[in-house]
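A.B. asks: Have a look at this one.
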């Protein structure tokens, strides 16, 4: 239904003459009907509402500025072309911002969005050192799609998703340049919060933190992903925010390699919230350094305490066909639950090996194994 609505909007937009664009130098804007090609961030910001189709052509975003595609008119299509780059400045970002309804964002053949992360990387991420800009805010980007983007070297976190009914398909993030000493840190690929009906499919991620982190939200799908170099596929940390519910999530048919963790759920010590009806299915792990499967209810200030609490129950969890290898120095499975706060779990077809068997699991629910 959404596809047909978008098609009707596009046909309607083509029949209507565009409103005059804000003044811009000829080199910065080429406008044909309601189709616009922008070659500067300032021209895009000034003229975006006059266009139903936008091409961002080799834009060099000035230091400390956002490539601002917020509040687009409904039905707008935006294409990244060539290389998009960003000047260096210590600030919080974001480097790119999109919002609107029925928006289509895509990348032309051969394009790259180069975050220039090496200019900021110092091995500390958001925990100190240089102030680093977040990369891409998809906030209030509803009933929309982001497809086929090629991203390189985000300074810290990649896509921040806070939206309703958003599809992100075939997103590539390559942060392998950050694997060096004092390189990238906290380079999460997708951080999802306060969102509903989000689908992330066919992602190809190489980074130094979570491939996926769902902090809150409902009806979320992650499928067909390839994750390497980071911290794996994560729910949480859950708790301590305005929205502390994660519900109806499916993470499936994906691979995690050369990462600290395979799959994990972490909830905040003494916080309140809920993790319900989460499924991990058909996940292949390889060369995992710390934990193949880790579920713990003891996080405080970003680190485990070893003392689980019960304020964020984990119920209706399904872990099935999670298989693969952990390094000998790692742990295959670790489950640390509060008394009675993990229940109604389904655990089947899982085979994680190569690491140690934990002696510290606690309150493991019926059916699960540790």
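The backbone N, Cα and C atoms fix where each Cβ goes, and this holds for glycine too.
Pasting the relevant annotations from Swiss-Prot:
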{"type": "SIGNAL", "residues": "1-18", "note": "signal peptide"}
{"type": "DISULFID", "residues": "36-51", "note": "disulfide bond"}
{"type": "REPEAT", "residues": "163-194", "note": "repeat 'PbH1 1'"}
{"type": "REPEAT", "residues": "195-216", "note": "repeat 'PbH1 2'"}
{"type": "ACT_SITE", "residues": "209", "note": "active site, proton donor"}
{"type": "DISULFID", "residues": "211-227", "note": "disulfide bond"}
{"type": "REPEAT", "residues": "217-237", "note": "repeat 'PbH1 3'"}
{"type": "ACT_SITE", "residues": "231", "note": "active site"}
{"type": "REPEAT", "residues": "246-267", "note": "repeat 'PbH1 4'"}
{"type": "CARBOHYD", "residues": "248", "note": "N-linked glycosylation site"}
{"type": "REPEAT", "residues": "275-297", "note": "repeat 'PbH1 5'"}
{"type": "DISULFID", "residues": "337-342", "note": "disulfide bond"}
{"type": "DISULFID", "residues": "361-370", "note": "disulfide bond"}
A.B. asks: When the Cα-Cα distance from residue 211 (disulfide bond) is computed for each of the recorded positions 51, 231, 248, 337, 361, which gives the smallest value?
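C.D. replies: The smallest Cα gap between residue 211 (disulfide bond) and any of the recorded positions is with 231.
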A.B. asks: Looking at the recorded positions 36, 51, 209, 342, which has the shortest Cα distance to residue 227 (disulfide bond)?
C.D. replies: 209
A.B. asks: Check the Cα distances from residue 361 (disulfide bond) to each of the recorded positions 36, 248, 342 and keep only the ones within 10 Å.
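C.D. replies: Neighbours among recorded positions: none.
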A.B. asks: Across the repeat 'PbH1 5' (275-297), what is the average pLDDT of the model, as a whole number?
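C.D. replies: Mean model confidence (pLDDT) across the repeat 'PbH1 5' (275-297) is 99.
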A.B. asks: Let me spell it out: for each of the disulfide-bonded residues (36, 227), count the other Cβ atoms within 10 Å of that residue's Cβ, using every protein chain shown. Which one has the most?
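C.D. replies: Counting every other Cβ within 10 Å of each candidate, the maximum falls on 227.
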A.B. asks: In whole Å, how far does the CA atom of residue 370 (disulfide bond) lie from that of residue 337 (disulfide bond)?
C.D. replies: 12
A.B. asks: Nearest to residue 342 (disulfide bond) by Cα distance: which of the recorded positions 36, 51, 209, 231, 248 is it?
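C.D. replies: Considering only the listed recorded positions, the nearest one is 248.
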A.B. asks: Cβ under 8 Å, sequence separation of at least 6 from the ends of the repeat 'PbH1 2' (195-216): give me the contacting residues as numbers and ranges.
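C.D. replies: Contacts of the repeat 'PbH1 2' (195-216) (Cβ under 8 Å, skipping residues fewer than 6 from its ends): 125, 154, 157-158, 161-176, 178-179, 183-189, 222-238, 241, 243-246, 249, 251, 256, 259, 273.
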A.B. asks: Look up residue 227 (disulfide bond) in the DSSP assignment and report helix, strand or coil.
C.D. replies: strand
A.B. asks: Just to verify: the residue among 211, 337, 342, 370 with the fewest other Cβ atoms within 10 Å, which of the disulfide-bonded residues is it?
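C.D. replies: Candidates: the disulfide-bonded residues 211, 337, 342, 370. Fewest Cβ atoms within 10 Å: 370.
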A.B. asks: What whole-number Å value do you get for the CA-CA distance of residue 51 (disulfide bond) and residue 209 (active site, proton donor)?
C.D. replies: 37
A.B. asks: Between residue 209 (active site, proton donor) and the residue listed as 'active site', what C-alpha distance do you get in Å?
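C.D. replies: Just about 5 Å between their Cα atoms.
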A.B. asks: Looking only at C-alpha atoms, tell me how far the residue listed as 'active site' is from residue 337 (disulfide bond), rounded to the nearest Å.
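C.D. replies: Checking the Cα atoms of the residue listed as 'active site' and residue 337 (disulfide bond) gives a distance of 21 Å.
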A.B. asks: Measure from the CA atom of residue 337 (disulfide bond) to the CA atom of residue 36 (disulfide bond) and give the result in Å, rounded to a whole number.
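C.D. replies: A Cα-Cα distance of 55 Å.
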A.B. asks: Could you state the whole-number distance in Å separating the C-alpha atoms of residue 337 (disulfide bond) and residue 248 (N-linked glycosylation site)?
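C.D. replies: Cα to Cα, residue 337 (disulfide bond) and residue 248 (N-linked glycosylation site) are separated by 20 Å.
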